Ligand code: SAM
Ligand code: SF4
Ligand code: SF4
């Protein structure tokens, strides 16, 4: 499938709150080699049927159309994106689009040791590794796998193959890893990575979620001040989800306060599942089918669905969830039965 050449850039798309469409998170698989309790608490899921998964060529066509509408940042995610065979080939294809300025990867790190060099050579710009604990026994309890050492090996190799700007993402959970914040920052320093603490979210199958387990931005800062003293917020003009802070020794770190201080007002992100459904919000219950017109080779219909989808976007999912707290209505986001019927409702299908 090829695109008509020399197409003019469609004017930048704005949603109903004047938010542009800039960042696309591409989930390349719904499979994962971990079972993090906050993301995939069960062992088996209703997996996306194999023949519905987009090929690299199909993904690349969609990227090219999204770029016409203003997307300039791509993040490869999953499931575990490094389980998708030959990912460097996709990175090379995406890298051909002049409008795509940034190609990043979020991974659990297990397969980085063997793939980092090929990813770098293919033109991947940045790597984020998710790591929630530095204690092997905790890692095993959280992920139900014994691959902790491989994650550390993966992190260690990132800089060696040439990447800069490594990030480590940690979901901060009360009563689980709230005693490791300082250790994680120190570990980040030792591997030249910026650590970002993510507030625990109630998306998808995070069925163990409760507000009492959320370690808030305020609590994270309070705790870190006890060790590091004054912490300065960095003033940045960015739509990035992380708010960044500076310690007095020059170390920076981030907090992604999705649960207590949602940043929906500036959200320019959307998500594409591995089977070609486009979600306008992490909390969206329904996606827009782009696979159908794509496979019918009706690219004008793909464009039309993107244009009308983003143009009528009203999503402010994390804010809506937060507003429910006032009336004590913040219960389970989606009933388990519904999750079983629609695998795309899961965090691991829509890419986090
Ligand atoms: N498997 C890859 C990984 O773990 O990095 C990529 C996919 S994962 C769904 C993307 C990110 O979502 C990870 O950093 C993970 O920690 C985060 N995540 C998953 N469930 C979450 C939850 N309930 N609350 C906050 N972050 C979550
Ligand atoms: Fe954990 Fe990422 Fe796998 Fe979810 S997709 S279970 S966060 S490694
Ligand atoms: Fe964007 Fe939805 Fe997340 Fe808000 S909840 S920041 S609108 S993806």
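Think of each number as a place in line: the chain as shown, counted from 1.
From the backbone N, Cα and C atoms, a Cβ is placed for every residue, glycine too.
Just one of 167, 213, 338 is listed by TrEMBL for the same GTP site as 25, 75, 106, 269, 270, 271, and that one is 167. Take the S-adenosyl-L-methionine site that TrEMBL assigns to 38, 79, 130: the candidate from 201, 329 listed for it is 201. In this structure the alpha carbons, written CA, of residue 39 ([4Fe-4S] cluster 1 binding site) and residue 281 ([4Fe-4S] cluster 2 binding site) are 17 Å apart. For the binding-site residues 106, 130, 270, the largest tally of other C-beta atoms within 10 A is found at 270. Comparing Cα positions, residue 281 ([4Fe-4S] cluster 2 binding site) lies closest to 271 out of the binding-site residues 38, 106, 167, 271. Filtering 25, 38, 201, 264, 267, 281 by Cβ distance to ligand 1 (under 6 A) retains the following binding-site residues: 38, 201. Within 10 Å of the Cβ of residue 36 ([4Fe-4S] cluster 1 binding site) there are 20 other Cβ atoms, across all protein chains. Of all the binding-site residues listed here (32, 201, 267), 267 has the Cα closest to the Cα of residue 75 (GTP binding site).
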